[in-house]
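Asker: Below is the structure I would like to discuss, written out as structure tokens.
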2 protein chains.
Amino acid sequence: MSVTSPLGFDAAGIAAGIKASGAPDLALVVNRGPRQAAAAVFTSNRAKANPILWSEKVILDGQVAAIVLNSGGANCFTGPRGFQVTHQTAEAVGEALDVSAGDVLVCSTGLIGDQLDADVLVAGVHTATSVLSADGGDDAARAIMTTDSVPKTALVSGDGWSIGGMAKGAGMLAPGLATMLVVLTTDADVDAAGLDTALRAATRVTFDRLDSDGCMSTNDQVTLLASGASGVVPDAAAFTDAVTAVCRSLAEQLQADAEGASHNIAIEVVGAASEDDAVEVGRSVARNNLFKAAIFGNDPNWGRVLAAIGTTEAEFDPYAVDVSMNGVRVCHAGEPDAPRDAVDLTPRATHVLIELHSGDATATILTNDLTHDYVHENSAYSS
Amino acid sequence: MSVTSPLGFDAAGIAAGIKASGAPDLALVVNRGPRQAAAAVFTSNRAKANPILWSEKVILDGQVAAIVLNSGGANCFTGPRGFQVTHQTAEAVGEALDVSAGDVLVCSTGLIGDQLDADVLVAGVHTATSVLSADGGDDAARAIMTTDSVPKTALVSGDGWSIGGMAKGAGMLAPGLATMLVVLTTDADVDAAGLDTALRAATRVTFDRLDSDGCMSTNDQVTLLASGASGVVPDAAAFTDAVTAVCRSLAEQLQADAEGASHNIAIEVVGAASEDDAVEVGRSVARNNLFKAAIFGNDPNWGRVLAAIGTTEAEFDPYAVDVSMNGVRVCHAGEPDAPRDAVDLTPRATHVLIELHSGDATATILTNDLTHDYVHENSAYSS
């Protein structure tokens, strides 16, 4: 179950020598058609990596033959030379596959500010093209890992078609538009405009609501490639639902593998005046270090939840809010309710319910706790 | 050097029994006049504690006879009963001093969501009034401490007048308008309007630019009381400068004592198109957990600085930015410059210089690193 599960796709994942460890670091996914339609969403960070600058141009005509991804270096803030490395990588894929470099997307992930070696990348592309296979999806998923501890893949089947996916990401998890590196493939027969609509609808309620550490990446990209190899034109709503299901599965896998985390926290906001309000409230809590540290300590410190909500512009009356943790209402109408020790926060899965009583809108934000291991992983070495 | 250094003020700090530890937990500062002018700025958090709701009304006429402060409980999200506790505390001060309760400011700090015991507070007020003294400033500074490891006081002298101050705060350090609990006193002869102008000018460039952990408190209040006891009407600019100097000293003491911190980081943004842009850029970096963890690890990871800047709306070209750390320029025009190992981040005092090359405006944000001790202090027990 990965990007090669749908018909019409080959993939490879190899060790090109970008990572000093010798671990796999270059992935290639090729769309064999008959259709080569694509859509992508990119980070909204204004500091964009070179592969983002390149891929934003490639996607414009909705035609993509292949996507090449490397870990071991973000190729971000590496100047014109870094852009040239991205360009050379796409050219190498184009030559090897006999397609236009302008139909090749490039993604990179790793440390910001280090130059990649173009010769190593080009040699890696040649190796990857020589081992492309309809079973290569799992290798590809492994080759895009950075601080991930496990590869992340997903598969959802429709009526005669399917959607596969792979993702990487464990830190800098806070999307603006897209997040992390994600490649989705489908053999459904959908044109680029249809892919774009489905992908934006799906990412808006999945990756855009994952906010592990509040830090937005410079390299995020989510790509959806369609081969049309099933010959089936799907119902649009069913297709969007399937894309959303794949994205949700991958988002939950990213949350579960977030750097150093000991709790997966779902912050469910209900009774908001608007969906935007619900997202703003959920995100304010997800980004509050004191709340996140309290959850690490299994402390149902609801005062920190309310203090975070108070920093938003959302419509709410602080003295009407209810807060529950793992099913126990600890705050009712802005006052203490059940005693704190009635709450069991020892399970990894943590549910925080915030009832605003200001309307009917709702949203759930996924986040993680702030732990010693998070600090360790992000201070002990550069990433 | 504290709130009783200027003429016309008495103070006390006692153990009322609010804190289970038996440590001092109630402070009282009384303005003996002849003038009883005051100004105050309050947290912009929309979730306001009961003493904030009370004090916002007291300050309206610019007349304040006394301020009573307790640690050991924030009296926030404690409902109408909590407001009644604040009211009773002010009434007790008013009766003991023979002044109107409407001229008594109240501040509280500690855990959100716990009810305070009005009887304990009223008895504490009686004890405090019985030991009021012109030497009581240091006791008062100790009685407002929560997780602070040291009391914070300051004194600046003008031409025939002086300004004293005390502050508490070690977590939830991220101001919207004011921050933490701060009481400033002066024997200069200044009316309430003059105090308000000077205080807002001072806090805007001091407490408002301290952002230790991105978490805004529900109880922040900075109060400036004037007794006029020196008989000297100060030059307005000199007075504002002195208030600013006291606020800056206290802000730096708060930064130096921030929970778990191992670095005091000054993020200096220059070449911004506007001061607002400079503040937004500095604050985005100050709130980036990956940057803060890197500094803890003595890692000059400038890519995380640029990734943070990229999330702002500030005017800048990512490929024109320079970043220096402790005097070493590690990024020039968005590309790597000096090698990372040329930077020494072992000193506690850390300077990050961000040159935007978009204009002439500048601002410096003070923050701290993200450490194991921060996580420990904020997860191991409720605060």
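Using the three backbone atoms N, Cα and C, a Cβ is placed for every residue, glycine included.
Pulled these features from TrEMBL for this protein:
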type     : residues                                                   : note
BINDING  : B:Thr146, B:Lys168, B:Thr179, B:Glu259, B:Asn378, B:Ser383 : substrate binding site
ACT_SITE : B:Thr179                                                   : active site, nucleophile
Asker: Under a three-state reading of DSSP, tell me whether B:Asn378 (substrate binding site) is helix, strand or coil.
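Answerer: In three-state terms, B:Asn378 (substrate binding site) counts as helix.
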Asker: For B:Lys168 (substrate binding site), what residues in its own chain, 6 or more apart in sequence, show a Cβ-Cβ distance under 8 Å?
Answerer: B:Ser71, B:Thr109, B:Ala141, B:Ile144, B:Met145, B:Thr146, B:Asp148, B:Pro151, B:Lys152, B:Met180, B:Leu181, B:Val182
Asker: Within a 10 Å radius around the Cβ, which one of these binding-site residues has the most neighbouring Cβ atoms: B:Thr146, B:Asn378?
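Answerer: The most densely surrounded of these binding-site residues is B:Asn378.
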Asker: Mind sorting out which of the binding-site residues B:Lys168, B:Glu259, B:Asn378 are close to chain A, meaning Cβ under 8 Å from one of its Cβ atoms?
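Answerer: Listed binding-site residues meeting the cut-off: B:Asn378.
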Asker: Around B:Glu259 (substrate binding site), how many other CB atoms lie within 10 A of its CB?
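Answerer: Around the Cβ of B:Glu259 (substrate binding site), 26 other Cβ atoms lie within 10 Å.
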